[in-house]
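Trainee: Here's a structure for you.
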């Protein structure tokens, strides 16, 4: 055997040249999260399922924060440089109402899980390209297999057999070319539709569906938990006991094109909520009224006067104050998002959330107004900062013989001058 030279895979380097090391650790800030997030390029709230990395309504002070780990805990660095893991505070939103009023679509729109027509068109074209590649690959395999079979049976084939095989191949090509074409079945109305309009394709909720979203309000994290309930009566008995426990906001949802769903909020859903709320949970709960499908305003059956009248009836009959009433459309971008942000800010300002940070005390807007009133009461009386300087009277050393001497009363001896 001939001897072969063996080569080493290790590269020889000079010991005087150290290997390059980074001078400082690489830090990732929110701008990098936004640039790396695919949601910021495809949306005007986010494409993430539950968490995102873009700013929501900077005027409201709410920002969606990217998840740093699976548990959802975030680290806050102190002045000493050490970081402590603090769980975000929980805010539970419960959406109740009749079936087909759009509760599921509202939650998916807030979590940005609904696609627009432009995004649907891009995904359909991508799907069509992939199917076209599979089709071309399938045709090549079919032609190769056909040629192999022809070589094996060429002495048995006639002209009629060749014509039949040729027709079968053309029929297969026509079927695969039509499959997955995004232009087939589209109407002219779809071509004239708004590309930014959201396409709603949801199904009826069975039981309960829960979505979570992490938001940042003034550098404090809140875990927003949205509970989607079924509107059918057959699912109510199983979910009522644990439905209203630790609920911070009850969102009464109705369809503006369906007057019956609006009346159900007064006759059924608000009564059910008051019967199942505990006295302790009711103190930290607020009620909101949200009308959906305002894009169908021409078919409106619920007017603004009806809404104001129902709010007054709820307060007189049940003693419940409606903290806000809104009208939204899940087909319009950012409408549901702004409404949910206003509800969340109202809950935070009034201390209606589960505080998981023991170092932070809950201060509501009522407490702030009370402190301001006490301050104004104390300031009503003006302070007198003028000080009068009093001079100490010095005792005169001279003696007036015409007046009695005070030292005699003190049993002190005196001498006549």
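Just so it is clear, glycine is given a Cβ too, placed from its N, Cα and C backbone atoms.
The feature region 'Disordered' is assigned by Swiss-Prot to 1-34. The GTP binding site annotation in Swiss-Prot covers 97-104, 228-232, 292-295. The feature S-geranylgeranyl cysteine is assigned by Swiss-Prot to 415, 416, with similarity to another entry given as support.
Would you situate these features in the structure and describe their surroundings?
Mentor: Residue 229 (GTP binding site) carries a strand DSSP state (E or B).
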Trainee: For 97, 103, 229, 294, listed as binding-site residues, tell me which one has the smallest number of other Cβ atoms within 10 Å.
Mentor: 294
Trainee: Once the chains shown are all counted, how many other Cβ atoms turn up within 10 Å of the Cβ of residue 100 (GTP binding site)?
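Mentor: Counting Cβ neighbours of residue 100 (GTP binding site) within 10 Å gives 15.
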Trainee: According to DSSP, does residue 97 (GTP binding site) sit in a helix, a strand, or coil?
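Mentor: DSSP assigns residue 97 (GTP binding site) to coil.
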